[in-house]
Amino acid sequence: MRDQESAERFKLNVTVLSEDRSREVHFRPDPHQPGKQSREVIMWHRTLKLADNVHVYESPVGELRVVKQVSKKDSRLAKSASELDVLGQVSSSMELQDKQLFVHFHGWFPSTDYICLMMEYCTFGDISECFPSPLPEVETRCICEQLLESLAVLHGLGITHRDIKPQNVLVVQRDPIRVKIADFGISKRALEGQTELRTQIGTQGYMAPEILGLVDEAKEDSTYTCAVDIWSLGCLLFYLLTKQTPFSEYESLRDYVKGYTTFPDTHLIENSTSPSVQNFINRLLAPSPEDRPEASVDLVVDWVIEQDGISLPKLTSTMEAPKDMETHHYEAQNTIVDDQASFVSDPPVPPVAVQPPGDLAVIRDPDVEEEMNFYSYELWHVIKSTKSKTAGANRLLPILDQGANPSILHEGYNALHLSAEYGSAEWVELLLTYAADVKKCTRPRRETALHLATCQRDLETYLEKFVLLQSHGVELDAQNNDGDTALHLVIARFGSIKPIEALLAAGASTEKKGRRGHTPLMYAIYLDREEKALALLKGGANVNCEDENGRTPLQLAIASDRIGIGLIRQIISAGADINKADEDGHMPLYHAVQLKKRDIVYLLLDHDATCELGDSRLQRSLTQMQMWRRLSQQNEVPRGDTEHAINVFQWNFLGLSHNEPD
């Protein structure tokens with residue numbers, strides 16, 4: 001009855017959609033509608049193989065889980081209910097104590113041929129993978145304290161792990177070292193009238209002698225206790241310090257148990273371990289189970305480490321892990337010795353390489369389209385034929401629940417692309433909930449959903465879609481075939497600066513170059529969008545970048561008929577290089593004189609623009625402008641007397657006095 005209750009408690013609402021896609025559904029209280037529940041969907045994608053039938057799955061927000069598949073035809077399946085019972089007891093105890101001592105079990109779900117167990121994933125792998133060389137005593141003692149705390153909890157619940165070994169101790173933090181115990185597949189309860197521990201099971205090199213029948217050979221029905229875990233812990237500590245097991249052969253273990261040989265401390269001495277740890281491990285490896293100590297953190301008090309004559313104090317337990325730290329792993333190798341197994345050492349198995357989460361990615365060939373099934377096509381067709389920015393989710397939800405994949409391309413677009421381009425924000429949100437791939441591009445234009453969202457040109461709808469796409473990891477700086485980013489497109493397609501501000505606030509780059517080699521700032525100036533250019537300047541846009549003709553934003557602004565001198569002042573104030581030449585060797589002053597923009601010429605001169613233009617005609621024009629400015633500043637030109645002013649300027653330019661007679 002308890003097994004059934006545990007199984008039901010841990011059953012997940014997960015539907016397997018394909019070999020590498022599963023959908024998990026949660027119903028949570030709706031904070032906006034008391035008494036009602038909101039439906040939350042998480043799509044899981046397979047990203048990495050750890051071992052046969054053991055894979056890492058990733059959610060759209062980057063959360064990682066390990067899924068272990070147990071065949072429904074496997075003889076071990078009958079034991080899974082007992083394992084769920086153990087997991088339930090352990091999980092409840094950890095919740096009460098607010099500690100993280102064991103690899104977290106999220107639950108299980110069925111598929112056609114398997115029972116799937118979902119667990120957390122630990123980035124650093126098991127302790128033998130993470131630390132391939134012998135560990136110093138300080139680190140080993142820290143690990144020992146954590147494992148004793150974990151075993152004390154298990155044994156207090158009447159649970160014996162029965163398979164403590166390096167592959168079942170997973171590392172969740174390297175410095176300081178933090179570990180968790182994994183794999184309760186062969187753990188067993190021995191309280192409340194349940195079956196006594198009798199079966200010969202465990203891992204070679206770590207099994208206690210009583211499991212092998214070496215302690216009470218006269219008894220055919222010999223049993224054993226939680227002391228088998230203490231023995232395994234002693235073997236594990238021996239391994240961490242030496243990278244050897246204390247008893248590599250059956251005969252050596254038998255002789256030790258019978259008293260024919262003494263404690264095998266040779267490897268410990270060769271690795272310069274202290275007498276204190278040698279005595280400590282010797283206690284754990286007492287041949288008689290009754291002589292081994294019970295699991296308790298206080299045991300490490302007897303393990304004294306001296307450095308420079310100073311004894312190190314007892315370490316503080318490190319297992320009160322931060323609540324926001326969740327890492328994931330599952331043991332890839334699970335070597336179990338059955339009742340008929342002999343004590344023959346297996347050759348070492350190379351550890352399975354475990355990649356950190358940042359490296360987890362499904363490698364897809366961008367030029368190969370996936371096959372579209374019926375429901376995926378139906379989803380695509382419904383969105384394609386319903387061009388509405390207010391359409392609700394009810395029409396799409398039943399199709400998605402049948403397993404439609406919103407990421408598969410058809411005619412160069414997928415369902416998310418279509419919804420982003422002319423669908424509703426609600427549709428975009430629903431497709432993202434069902435794990436639509438925000439990084440997938442159209443063909444052949446190479447546009448993302450963020451590019452396409454700018455096409456609708458409805459400001460409110462765009463901003464809603466942007467928030468949704470950005471929260472699901474869309475690439476803000478992705479470039480289409482023209483090189484344009486979303487920032488380029490909102491400059492051209494919206495009258496408001498709000499989309500620009502939203503992109504900049506989210507971290508969009510102002511350096512990407514699109515068509516003509518224009519950055520967003522240059523593109524705004526090219527399109528005479530002065531307010532948008534000011535917004536980009538405020539966002540830190542580079543004022544000295546060059547387009548494909550070597551022109552800078554300052555030169556483009558001077559060339560524009562609609563850009564005012566106010567923006568040019570802002571560009572100069574932002575650090576524009578006044579004397580930077582384009583690919584023709586012409587500086588900003590050259591273009592200002594050529595276009596007869598006298599106010600801009602004066603502004604550039606005030607900021608130390610070089611007066612050498614390299615063109616005699618323009619040089620004369622510049623001289624005239626400078627002389628005119630001096631005359632104006634000297635008040636020699638009466639206000640309103642334009643004809644007289646021109647005559648004065650001409651007389652001065654010819655070197656004559658305007659008071660001389662004709």
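A Cβ is built for glycine as well, from the same backbone N, Cα and C atoms used for every other residue.
Predicted automatically and left uncurated, TrEMBL annotations should be read as such.
Pulled from TrEMBL:
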type	residues	note
DOMAIN	42-304	domain 'Protein kinase'
REPEAT	411-443	repeat 'ANK'
REPEAT	516-548	repeat 'ANK'
REPEAT	549-583	repeat 'ANK'
REPEAT	584-616	repeat 'ANK'
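Beyond the ends of the repeat 'ANK' (584-616), by six or more residues, the same chain brings 550, 552, 554-555, 558-559, 565, 568-569, 572, 578, 622, 625-626, 628-629 to within a C-beta distance below 8 angstroms of the stretch. DSSP assignment over the repeat 'ANK' (584-616) gives 17 helix, 0 strand, 16 coil. Within the model, the repeat 'ANK' (549-583) carries an average pLDDT of 96. Residue counts of the repeat 'ANK' (549-583) by helix, strand and coil are 16 helix, 0 strand, 19 coil (DSSP-based).
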